[in-house]
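What TrEMBL says about this protein:
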- Lys51, Asp311: FAD binding site (BINDING)
- Gly181, Ala182, Gly183, Val184, Ile185, Gly186, Ile187, Glu188, Glu204, Gly269: NAD(+) binding site (BINDING)
- 4-326: domain 'FAD/NAD(P)-binding' (DOMAIN)
- 346-451: domain 'Pyridine nucleotide-disulphide oxidoreductase dimerisation' (DOMAIN)
Amino acid sequence: MNHYDLIVVGSGPAGRRAAIQAAKLEKSVLVIEKGRRVGGVSVHTGTIPSKTLRETALNLTGWRERGFYGQSYRVKQHIDAADLHQRLLITLDHEVQVLEHQFARNRVQQLHGAARFVDPHTLEVTREDGELQRVSGTSILLAVGTKPYRPSHIPFDGEAIIDSDELLDIDTVPRSLVVIGAGVIGIEYASIFSALDTQVSVVEPRSTMLDFIDREIVEDFTYQLRDRNMKLIFGQTAEKIEREAGGKCRVELNNGRVLHSEMVLFAAGRVGAVGELNLEACGLEADSRGRLKVNPETFQTSVPHIYAAGDIVGFPSLASTSMEQGRIAARHAVGAPASEPPQYFPYGIYAVPEISTCGLTEEEVIARKIPYETGVAHFRETSRGHIMGLETGLLKMIFSRKTRRLLGVHIIGEGATELVHIGQAVLNLKGTVDYFVENTFNYPTLAEAYKIAGLDAWNRMDQGPREAPVATAQSLDSALQAMKKAASS
Ligand SMILES: Cc1cc2nc3c(=O)[nH]c(=O)nc-3n(C[C@H](O)[C@H](O)[C@H](O)COP(=O)(O)OP(=O)(O)OC[C@H]3O[C@@H](n4cnc5c(N)ncnc54)[C@H](O)[C@@H]3O)c2cc1C
Ligand SMILES: NC(=O)c1ccc[n+]([C@@H]2O[C@H](COP(=O)([O-])OP(=O)(O)OC[C@H]3O[C@@H](n4cnc5c(N)ncnc54)[C@H](O)[C@@H]3O)[C@@H](O)[C@H]2O)c1
């Protein structure tokens, strides 16, 4: 039986980063992956496919050009499922190749098959050819991720009543779609299909959605979705879902309302993929949602040489944070020093329009009784926004009135998931409103919105002995506009 310094179960973001980190520290590493190809949910059914689908939809519909050419503008008149699949396959292939190459370069060994514990240090792998193989590890990292929650009362058929994994295999773009669950997955796909001219209805049992996002941003988002005819039905559950004789889906809500659609996407959460691990054999137990509890600093489970990272440990369940967790877990497992994760990480929602956020929301600042000021910029106030024909887009920053520090940045609109990193850096480096006022930004860029929002807040804050330096004619304009706005409000 082969023995390794570290065995990693799962090759998603947490597993791949952990494996490469341990290999860089010259440890022997084995990655066990039950999927046919490495990459995990992130590469095959989650992050990368959904973002590729979004990009394809925006490109083929000509979405980004409609500000100039009107709502009826299309790059391709009829977009079918083959159009969507084509780019998907190329992107996924590329991702897998890059990952395989990284493993090979770093001498990370791979074993394909489902792993289960035999005892706390030994795993048995059922290989693709049906053979069983046992391996042992000084440390083991569980990075097995999650799978869609599929309650037994939903008649999934893989064709018209589907989960988010099956969505990637559809062979037609539906003309109408009911999405059950307004979580991140539900809302991203709902807005992508709406951009493809599908008539979309979203059913959500709670009275609000995306509660971790600043309410002003969610209100703007909700307005934009409703404005393009999406039905957002809050406070209702789907009582019964069935296929009718003609093939259409019928969704009956608990208030008696009935929705008809060509397709139903059930996206009401995900559960940990611990089913095959035989956790009893290593002394671990998952919670009711299949999640494992870990020490948040080291990612050790209650069995000290067994670590868990990524979606299997719960919030925030992002590819980005999973990678960091995997890296920290691997360093701890092999006795290398590891820093703590930074206080604030960004969250990107790749809906149409996209949303990104980092730090505290206005609601959180109020709840903590922190005296604060906000600064807001609309993308249409920037020259880059004019050039791009943007009609929407908003950047909001929240500052402490006492320390002047940036507390949160919240963005909706084109490029939000990239732009947020400027705010993230200032936030984690403990920067203040003065950073945005005193520094020059490239012009014309959407990043100039930071300058405008910074000045907007600055004008209403105690400015002490400072003067706002005026770096360019453009920032003078912005400053004057912001001052006028402040004076009139
Ligand atoms: C539709 C969708 C869109 C998303 N979009 C984003 C996004 O835009 N940005 C973002 O940051 N995050 C996004 N996420 C979340 C992101 O995909 C996850 O946070 C990330 O994939 C979690 O990584 P992980 O390492 O925990 O494992 P996963 O990526 O879930 O991979 C786990 C791997 O473990 C393998 N495995 C499971 N059990 C066993 C076993 N017993 N033996 C061997 N192998 C096993 C599985 O086959 C799988 O390959 C999205 C998720 C979904 C579903
Ligand atoms: N851009 C990104 O970073 C991104 C994108 C997609 C997914 N993800 C990650 O994947 C994870 C899973 O996402 P998700 O959207 O599946 O889950 P979720 O838990 O975020 O959302 C599920 C939604 O479904 C609703 N719901 C729960 N039970 C329901 C029921 N029986 N009927 C109808 N609705 C019900 C919930 O109220 C919630 O709004 C998230 O935690 C997220 O971090 C991230």
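Here the Cβ of each residue, glycine as well, is placed from N, Cα and C on the backbone.
Those TrEMBL annotations? Automatic predictions, nothing curated.
Within the set of binding-site residues Lys51, Gly181, Gly183, Ile187, Asp311, Gly181, Gly183 have a CB atom less than 6 Å from some atom of ligand 2. When other Cβ atoms within 10 Å of the Cβ of Gly181 (NAD(+) binding site) are tallied across all protein chains shown, the result is 23. Taking Cβ-Cβ distances under 8 Å and a sequence separation of 6 or more, the neighbours of Ile185 (NAD(+) binding site) in its chain are Ser50, Ser164, Ala267, Arg270. With a CB cut-off of under 6 A applied against ligand 1, the binding-site residues Gly181, Gly183, Ile185, Ile187, Asp311 are reduced to Ile185, Asp311. Geometry remark: Gly181 (NAD(+) binding site) versus Lys51 (FAD binding site), CA distance 19 Å. The two recorded residues, Asp311 (FAD binding site) and Gly183 (NAD(+) binding site), have Cα atoms 15 Å apart. Mean pLDDT for the domain 'Pyridine nucleotide-disulphide oxidoreductase dimerisation' (346-451) in this predicted model: 97. The record assigns Gly181, Ala182, Gly183, Val184, Ile185, Gly186, Ile187, Glu188, Glu204, Gly269 to the NAD(+) binding site, and the maximum Cα to Cα distance across that set is 14 Å. The distance from the Cα of Ile187 (NAD(+) binding site) to the Cα of Lys51 (FAD binding site) comes to 13 Å. Residue with the densest Cβ environment among the binding-site residues Glu204, Asp311: Asp311, by other Cβ atoms within 10 Å. Apart from Gly181, Ala182, Gly183, Val184, Ile185, Gly186, Ile187, Glu188, Glu204, Gly269, the NAD(+) site neighbourhood in this chain, defined by C-beta within 8 angstroms of the site C-beta centre, holds Val179, Ala190, Val202, Met209, Ala267, Ala268. Residues of the domain 'Pyridine nucleotide-disulphide oxidoreductase dimerisation' (346-451) grouped by DSSP class, helix first, strand second and coil last, total 38 helix, 31 strand, 37 coil. In this view, Ile187 (NAD(+) binding site) is surrounded by 26 other Cβ atoms within 10 Å of its Cβ, with every protein chain counted. For the pair Gly183 (NAD(+) binding site) and Lys51 (FAD binding site), the Cα-Cα distance reads 16 Å.
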